[in-house]
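Asker: Can you read through this structure? Questions will come right after.
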């Protein structure tokens, strides 16, 4: 009986040490930034997406009441 308890204890400690030794997830500390670019004419996806990709290496979406704002989201 004592051998069985020690075996379970050893296995539990081994599993716990393996779980604690696992590295943190990659990219867990990446932050997202958002920038609004005001355009002089109504926003189109053909204009907004390349603009955000060139300036910020991110994604773009047309927002605003009359789609006059291009909102860019990118990794800070």
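Just so it is clear, glycine is given a Cβ too, placed from its N, Cα and C backbone atoms.
Straight out of Swiss-Prot:
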- 1-27: signal peptide (SIGNAL)
- 33-76: disulfide bond (DISULFID)
- 43-62: disulfide bond (DISULFID)
- 48-70: disulfide bond (DISULFID)
- 52-72: disulfide bond (DISULFID)
Asker: CA-CA, which of the disulfide-bonded residues 43, 48, 52, 62, 70 lies nearest residue 76 (disulfide bond)?
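Answerer: So, spelling it out, the nearest of the disulfide-bonded residues is 52.
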Asker: Would you list, in sequence order, the disulfide-bonded residues among 48, 62, 70, 72 whose CA lies within 10 Å of the CA of residue 33 (disulfide bond)?
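Answerer: Final answer, ordered: 72.
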Asker: Cα of residue 62 (disulfide bond) to Cα of residue 72 (disulfide bond): how many Å, rounded?
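Answerer: About 9 Å separates the two Cα atoms.
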Asker: Most Cβ neighbours within 10 Å: which of the disulfide-bonded residues 33, 62, 72 is it?
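Answerer: The largest 10 Å Cβ neighbour count belongs to 72.
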Asker: Which residues does residue 43 (disulfide bond) neighbour through Cβ under 8 Å, counting only same-chain ones at least six apart?
Answerer: 62, 63, 64, 67, 68, 69, 70
Asker: For the disulfide-bonded residues listed here (48, 52, 70, 76), which one has the lowest count of neighbouring CB atoms within 10 Å of its own CB?
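Answerer: Checked 48, 52, 70, 76; of these disulfide-bonded residues, fewest Cβ neighbours within 10 Å: 76.
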